[in-house]
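Novice: Can you read through this structure? Questions will come right after.
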């Protein structure tokens, strides 16, 4: 352990991503686990966070006191739920630390409140923290710009494990936003998320979404751009949840030296 290591807090420490984040922090140079947070009443309160994550004893007990942890930390890694993330955004702003947000399913109001917190915190938010997906977003934007809506239809297909609670996934929406930017349109006005019964012909220029859920799939995403007589498919497969955790830790380290503001993984990776 080095005194210059960035002190990080993991919220939602007992969840799948929380445990993965703890393990990745443990094995990554330049960072250390400062605190692990769970909800009040969680059976994991008081447990050693390292043992909980399968990384061995780390001397950090799981607690339900986020503000106390934040004020002594430098960053928080957050893959929780929208309501919790909004609360953590306010606390991170009070503590003026880095807030890395991988939470998906946020409403427009949630997004506005998270962005408001960025006046005092360094917020880095993305629907996906992996390098591969963010590169896929850049390629999707370029392809959507190059292939005109009059002859090319865009569909985004995603599949995740059966426990995922939001749809479309944050990554699918990230890709949809990239396609919309390429076309110079607003995604909210052009997305089609449900098809059932007699739908009629596909609206020209729309961006369709298809969602699959089942098994233990970590994440599969494809952007299909279909023309007359040919089709372009851009895709990404996640086979290990640690790619998101590694990206989140990299984002925290990047944000450490930045001014308060709202950033994305495109900023972190230099792809913007």
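Cβ coordinates are placed from backbone N, Cα and C, and glycine is handled just like the others.
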Novice: 12, 13, 14, 15, 16, 17, 102, 103, 104, 126, 127, 128, 129 bind NAD(+) according to Swiss-Prot; which of 27, 38, 87, 141 goes with them?
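Specialist: So, going by the record in Swiss-Prot, that would be 38.
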Novice: So, three-state DSSP: helix, strand or coil for residue 103 (NAD(+) binding site)?
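Specialist: Reduced to three states, the DSSP call for residue 103 (NAD(+) binding site) is coil.
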Novice: Quick one: pull the CA-CA distance for residue 39 (NADP(+) binding site) versus residue 12 (NAD(+) binding site), whole Å only.
Specialist: 7
Novice: Taking the Cα atoms as reference points, how far is residue 160 (active site, proton donor/acceptor) from residue 171 ((S)-2,3,4,5-tetrahydrodipicolinate binding site) in Å?
Specialist: 11
Novice: How big is the Cα-to-Cα gap, in Å, between residue 164 (active site, proton donor) and residue 38 (NAD(+) binding site)?
Specialist: 19
